[in-house]
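The block underneath contains the structure these notes are about, expressed in structure tokens.
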């Protein structure tokens, strides 16, 4: 991976991390299109640059992160399912990351679900998140272990299924991203070093640049998304996912197979 490729992936991460379109899925597809080698460092990079994106949440919602202990306990309750299932199925998840077709199908199916959810829970207005709601949202988030599903999309749908207002569901999804992505990054780094890999000077620089770019882009993306969501809902994202999924499948089966090198 070179610096230009790293910046491209970081921009994609910053834009898509908090949108219900799957950042991991988009980075897998981008890697296939741009011929980015799907080596161990690339896998590490796509996880670690999420730190830059989640830092934007801490900056934008700084005061919200220093409220009551109740806030942290609810995040912990929502985070537990991801910890348990992530440890149990991490190897199978890594295998799915090798398949752009999995991403395409997930985009398509997820888009249909997003359209339905936006219709079903269009008038939801609750803002209070109980411990039970937090746990259920955490369960929904685990569905996003399948590439292309979207972590933010799954957790937002989980929130709306609990009658939360769109913006409340989206903001809790942002907050939940912090422990989830931090945990995923720490585990990925541990596995990387456990397997005997050592970062080179260039790789460290690439990670730093990637995180900075992802942070700056995510700042703008979150502000834009919340404003758009409160007025327009999820339909545009649902249609985008459906179109993207169909186009990718057509390309794969009729033009050129989408593969990771």
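Easy rule for this one: first residue shown is 1, then count along the chain.
Placed from the backbone N, Cα and C atoms, the Cβ positions cover glycine too.
As written in Swiss-Prot, here are the features:
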type	residues	note
TRANSMEM	1-21	transmembrane segment
TRANSMEM	41-61	transmembrane segment
TRANSMEM	69-89	transmembrane segment
TRANSMEM	95-115	transmembrane segment
TRANSMEM	129-149	transmembrane segment
TRANSMEM	169-186	transmembrane segment
TRANSMEM	206-226	transmembrane segment
TRANSMEM	241-261	transmembrane segment
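Sequence-distant contacts of the transmembrane segment (95-115) (same chain, six or more residues past either end, CB-CB distance under 8 Å): 20-22, 24-25, 28-29, 32, 38, 43, 146-150, 153, 157, 234-235, 237-246, 248-249, 252, 258-260. Outside the transmembrane segment (69-89), and at least 6 residues removed from its termini, the chain residues within Cβ reach (under 8 Å) are 129, 131, 134-135, 137-139, 141-142, 145, 155, 172, 175-176, 178-180, 183-184, 187. Beyond the transmembrane segment (206-226), the same-chain residues lying 6 or more positions past its ends with a Cβ under 8 Å from any Cβ of the stretch are 1, 3, 6-7, 9-11, 13-19, 45, 48-53, 55-57, 59-60, 167, 170-171, 174, 199. Contact check: the transmembrane segment (41-61) against the transmembrane segment (1-21) gives at least three Cβ pairs closer than 8 Å, residues 6 or more apart, which meets the contact criterion.
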